[in-house]
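What follows is one structure encoded as structure tokens, with my remarks underneath.
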Amino acid sequence: MDFRVKSGRLEKQRSACIVAGVFESRQFSFIAEQLDKISKGYISALLRSGELEGQVGQVLLLYHVPYIMSKRVLLIGCGKKRELDERKYKKIIINTVNALNNTGSIEAMCFLTELQVQGKNTYWKIRQAVEIAHNLCYTFDKFKKTKKISYQLRRITFNITNRRELTSSKCALQHGIAIAAGIKAAKDLANMPPNICNSAYLASKAHELANSNKHINASVLGKQQMKELGMNAYLAVGQGSANESLMSIIEYQGHLDSKARPIVLVGKGLTFDSGGISIKPSNKMNEMKYDMCGAATVYGVMRVVLSLNLPLNIIGVLAGCENMVDSCSFRPGDVLTTLSGQTVEVLNTDAEGRLVLCDTLTYIERFNPEIVIDIATLTGACVIALGHHFTGMMSNHNPLSNELSSAAEQAGDYIWPLPLSNEFHEELDSHCADMTNVGGSAGGAITAGCFLSRFTSKYHWAHLDIAGTAWNTEKHQGATGRPVAMLSQFLINRSISDNK
């Protein structure tokens, strides 16, 4: 879909459809009031007959409104004017895009950016509208013989009433389009079936990205290299699979100083997780193809970074692996020596993601990172704690935690901080090794974060548990692309602060 911004007088706008807001009690927004004046009261007469009350998300499509140059006018209910917040605005945009897709309009002129949303500016309103519109038009039908009929809507133009906001509005378009494309890339990768998307497939996507841009280099560590390095925890997880474990490294150099310390993003890439010997229940095991959503997120973010040419040095790691049941599988009771030299007693082979990540987090020390963020569908406990709306976050550095929280608020892609206190570390005590790979049943998301923190003492680090936010299980099944938007916003913020 194409998006544009412009500033012009309403009466001169020619479009297949004009979109304007109406508040509760049939109170016009500024643009709706202008439309009513141009139509000589035609719209207000319709509303007085009860056609639209103005409740949030209500829509009324009008055809051939007198003296209006556009064929259609779409009025959208915006609720009470003083209570218009982020949540309601998103609902308004969702209902608007859905209605436009049903009108048969190829393009539309949207005036909803004039709405005053609590605490939000025009940049935010446009960017959110772009991301939402892209998301609503997303389909994954790669493996369907009969494809869905594509939406007719091809272009949305946002009309800006204040010309001084044109520059920031164009920036919002640029960011929104890039992030939406990154979200789509992450969703496409995560939605791939596990018989196709294995570690080698992730590696091919890394090389594909490198071949597309001179600022990107890709390299892959295979089983033999990891064995020589001593990445025994990582390798143990994949030793029951016929698919080789591969760690793909995507290096982007955008900083003017090539020696500037990089930001490293680590994505858990379990392309399928059976649970291993501690096998998962068969119900919904098919969803365990989504256990690589962390790697898909990193891939999507790297696509955004490339699109925006961010002036940063960034390394993305796709920690590819598959946890399967076999006579060669690792077992409960095994003791593994990690790359860091610390030993881990395996109590549960379904707590495998942290074993892959712990060696990866040690490996990336060689890059002398400024910041490390790992993204992982790590624990069901995080879903119990935070549901499907918030990503769990733990960090060993409060300023980093605050930066991520701020980026999440800006992007509307929310996270919630969890503690990393010593009391939880005691849950990992082992009688025969330095630690166990699981704690007790209580606070499982936190003990998993505590486990990872033991491998991150040499840099500032944050852990994002996306088990509850990475994919939908019921309505609109499939990957969500979260938290691509939040991480992209974090990197945009960083690029601004680092280059002042």
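Positions of Cβ are set from backbone N, Cα and C atoms, glycine also.
Because the structure is a prediction, the values reported are computed rather than measured.
In the record from Swiss-Prot, residues Asp350, Glu352 bind Mn(2+) 1; the candidate from Asp273, Asp326, Asp413 listed for the same site is Asp273.
Binding of Mn(2+) 2 is attributed by Swiss-Prot to Lys268, Asp273, Glu352, and within the candidate set Asp291, Asp334, Asp374, Asp429 the record adds Asp291 to that site.
If you compare Cα positions, Arg354 (active site) sits closest to Lys268 out of the recorded positions Lys268, Asp273, Lys280, Asp291. All protein chains considered, the CB of Arg354 (active site) has 26 other CB atoms within 10 Å. The separation of Lys280 (active site) from Lys268 (Mn(2+) 2 binding site), Cα to Cα, is 18 Å. According to its DSSP assignment, Lys268 (Mn(2+) 2 binding site) is in a strand.
In sequence order, the recorded positions near Asp350 (Mn(2+) 1 binding site) (Cα within 10 Å of its Cα) are Asp273, Lys280, drawn from Asp273, Lys280, Asp291.
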